[in-house]
Amino acid sequence: MKSDSIAVDVPAESSSAIKGKAPLLGLARDHTGSGGYKRGLSIFDFLLRLAAIVAALAAAATMGTSDETLPFFTQFLQFEASYDDLPTFQFFVVAIAIVTGYLVLSLPFSVVTIVRPLAVAPRLLLLVLDTAALALDTAAASAAAAIVYLAHNGNTNTNWLPICQQFGDFCQKTSGAVVSAFASVTFLAILVVISGVSLKRP
């Protein structure tokens, strides 16, 4: 007797079907990996904002409290140096206070980017506003740095004498405020770069 063999034909997937499925799996893997590194950038963004808030707040508070009075001869004849004697320092305090307020208000948006790392709208908003805050912060810090330089060194061409030998505490506070302001400028610049990298498509 001869045994009958039964052949079962299994339809093979066409090459076009295989080509159609493979990219979908690859896309899913890329999507997950993109969300992971973007969440990491968002967490770093949040921490940098906290550091920028501390630096900007310290700069505004230090400059706003810079005041020194020198008595001469009698208590009725005194020389005083204060930040509000110079419009540049007044602009510095106001500008840095605005930057500090913005950074505080931007924290919830930074949290949103952590929860939803692939969301584009909050990251784009932060990029635009961070750039504006960076410009304002840089302008205030640079202008104040020029005045602090004159206070320390003077200018012989215009007969502007240095005052830091007499008003040492005042110059120390204003110099510290400028250093803190430039620290916040650095943090904001990094925040702008992070936002730009996060907006890059995977």
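Including glycine, each Cβ sits where the backbone N, Cα and C put it.
Both Phe89 and Gly154 belong to one identically named topological domain in Swiss-Prot, hence to the same side of the membrane. Beyond the ends of the transmembrane segment (131-151), by six or more residues, the same chain brings 56, 59, 63, 86, 88-89, 91-92, 95-96, 98-99, 102-103, 160, 162-164, 167, 170-171, 174-175, 177-178, 181-182, 184-185, 188-189, 191-192 to within a C-beta distance below 8 angstroms of the stretch.
Confidence annotation: the topological domain 'Cytoplasmic' (198-202) carries a mean pLDDT of 74 in the model. Counted with DSSP, the topological domain 'Cytoplasmic' (112-130) comes out as 14 helix, 0 strand, 5 coil.
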